[in-house]
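According to TrEMBL, the features are:
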TRANSMEM  20-38  transmembrane segment
TRANSMEM  246-269  transmembrane segment
DOMAIN    252-372  domain 'SSD'
TRANSMEM  281-300  transmembrane segment
TRANSMEM  341-366  transmembrane segment
TRANSMEM  408-430  transmembrane segment
TRANSMEM  609-631  transmembrane segment
TRANSMEM  638-660  transmembrane segment
TRANSMEM  666-687  transmembrane segment
TRANSMEM  708-731  transmembrane segment
TRANSMEM  743-767  transmembrane segment
Amino acid sequence: MDNNKVYRFVGFIVNNPLKSVLMALVLSFIMISGVRFLQADFTYKAFFSEGNPHRATIEDFEKQFSNDDSIVLLIKSPSGIFDQESATLITQLTEEMWKVPDIIRVDSLSNYRWVHAQEDDIIVEPLIPEQGPYSQALLDERKQVALTDEIIPDFLVDASAQTTMIVGYVRPTFEQPVMPEPIVQAVRKLVEQYQSGDHEIHITGRMAIMQGMKESSQADTKSRLPLVLGVIILVLAFRFKHPVGVMPVIPVIILSVIATMGLAGWTGIKISNITAMIPQFIIAICVADAVHILTSYFSYRRKNYANKLAVQTALDENVVPTLLTTITTSVAFFSFLSSDIGAVSGLGVLVGIGTIWGWFMCYFFLGGILSKVPNKKSADPLIEVHNDQSDIASSDSSSFIYRYTEKVFSLAPVIALVFVGLSAASVFVASKNEINANPFKYFAQGFWLRESNDFAEANLKGSQGMEIVVNSGTEDGIKSPEFLAKVENFQRWIDTTPGVVRTYSIIDIIKQSNRSLHADQQAFYKIPDSREAIAELIFLYSMNLPQGLDLSNRVSLNNDAMRISVRWTNYDSALATRYADEIVAYGQSLGLDVHSTGKMLLFQRMNGYVATSFVVTLLITVVIISILLLVTFKSVNLGWITLIANLFPLCLGMAVLYFTGNSIDIGAVIVLSVCLGVAVDDTIHFVSHAQKHLNQGRELKSVIRDTLLKVTPAITITTVILAIAFGSFITADFVPNANFGRMAATILSTAWLANVTLLPALLYLFLQNKQPALNSESTPTSEMS
């Protein structure tokens, strides 16, 4: 970069501090004004763009069979659900669920269509009559029916008849998205209203999971961000011991974060589980830049520099490394635009611009504020606290830094080998990681939805699952006995899949109706041999169905396709997607036109889809950063040394992820992006400082010592702040946030260790016999220690 331009740029800030601060504030508030347009989208549409095959499949499913999204009430009575009190409660809640916003169908024991024979007639009636009171004799009879039915057990009631569920299905979303919050809030009011006796009621289902994600991520942000800011204030106050080292930094962080979110409003980028983590990115970037500037500033003030000269020198010497870090980080995030996942590309745009804005705020706002600090001479803590000893420390053989670097130089080959060995082992272990997530375990113990999900697993397995669509290829094709026989064999095979609790399709209804038509003789629980008989059974069954409970959710409008609902306990995304693919493959091997779909399966596919996209994008990012480092430093040695120091912590972090028994999920891959940005920032400052002095002809050992003295305080403060701040997320309600905190603390601490041991060792090993090409010059005001 042209040193004269840098000098003029910094000079403008120092000589026009009020203009600089005002410019930063005005532009910030313009961006912040976009917050009023901010929208949230925690549905699948935030991740799967239009034209995506998975999204197209689910939208086609909705057009054919309506929506499979649901809100589920789980009800348990230790005394059993087939008593007067429980039967009344189930009937009342079923009726009330129809009134919940956007609910278009409700399934429960009270409206389950019991098909049976009465003399020569087929009777289709609710399992629990609509009107009470109910005699115990009637309830005992219906209990026996429920427990011996081919569909109800493990679907609407557990084997002990103590737990049941009421399922409310929401309207299709292809015209307008369905927001989960109004639905969940309405159901919560029902629970409060009807909670009585020994009944235990829980809320779960896909709508509850979406709302739980929103609530937990928002709660984490609200509770953790003040804590993060508190940590920043405490560490900065402890390190700099002066209000100037603390007070200007907080507005920089807050304004940068809110301005970035305002930008989301202006650009129409919606807040999702991924983009909700933007504050963590921006905080890390702002803290890193601000700490480097403040460390340099206080260093020069303690050398008795006049305030403006200290600000000028501090800003001047940090322009190149901070700007280089900003460029590499922003370009890396802009590479996320290559992802076809809307939330990921949106994250790339916002963090890329937010990175640039954070740098702008650190220079124009922080630099402007520092320039207005009074230039006191006597009793000024800026110049009284800690006399700077860096000028003599590098040459004083008794100093810690001298002894430490001598040890690093003598053990450089060993240090390099140890880190190479650790890196190789980490890569090997990291390769064993599985991309996997369990939506039921996305929430911490004690969070309301985690309690509901654990209750569902323990008491009524298979509350979630997937859908299989089978196309006959012709109108009224589902009435073909040959087609149905083939699908029946397919459905029976699905029942043998590990984790499957229950399958349900039009075939079950046809077989029950056929049995009832033949005086409930079990021998006739089968598919009739003729198309006409099948059509008659479907007609007779449909004649007895009330409005809202017809067969339109089981078969397509022209009867060319049918669905098989699969309820299972395969909640892990890796298991669910694997078995779904195996089921489809088997169906196709039978000659059936079949595919898997459903919102829960789509959600489970989303984790692997997003994680894989992040990994690919991260690899692209590493390549881009590598090229930028090589171009900037104009030295292959410096470029790859910097890259090694940046990648080692990430590899070790992924190995730790494996050893802690966690899988690669959205939170894990996001933390890699954050930590890579911080690691690049630290190593660029280190290498830039070293290269500058090497280009001035100074001796290598002395340069490394001076660089450690100059850079280590800043990267140590940054690491302490971010490791503690992000580590606070370990106790978050949203488990991906907790994984983020755990990995961030580990990776950032490892990155610090690599910067103060591996980086000096590599510089000494590979540059001791080489004089790098002179490719940068010192700026007029950048005499560094």
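Here the Cβ of each residue, glycine as well, is placed from N, Cα and C on the backbone.
Here the structure is a predicted model, which means the values were calculated and not measured.
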Could you pull out which residues elsewhere in the chain have a CB under 8 Å from any CB of the transmembrane segment (666-687), counting only those six or more residues past its ends? 273-274, 277, 280-281, 284-285, 288-289, 292, 318, 321-322, 324-325, 328-329, 332-333, 351, 355, 437, 607, 610-611, 614-615, 618, 621-622, 625, 629, 633, 638, 641-642, 645-646, 649-650, 653-654, 657, 707, 711, 714-715, 718-719, 722, 726, 735-740, 743-744, 747-748, 751-752, 754-755, 759, 763
At least three Cβ pairs under 8 Å linking the transmembrane segment (281-300) and the transmembrane segment (20-38), pairs spaced 6 or more in sequence? no
Counting Cβ pairs closer than 8 Å to the transmembrane segment (408-430), the top stretch among 20-38, 341-366, 609-631, 638-660, 708-731 is 638-660
Quick one: mean pLDDT on the domain 'SSD' (252-372)? 90
If you run through the domain 'SSD' (252-372) with DSSP, how many residues end up as helix, strand and coil? 105 helix, 1 strand, 15 coil
Return yes if the transmembrane segment (638-660) and the transmembrane segment (341-366) have at least 3 CB pairs under 8 Å (sequence gap of 6 or more), otherwise no. no
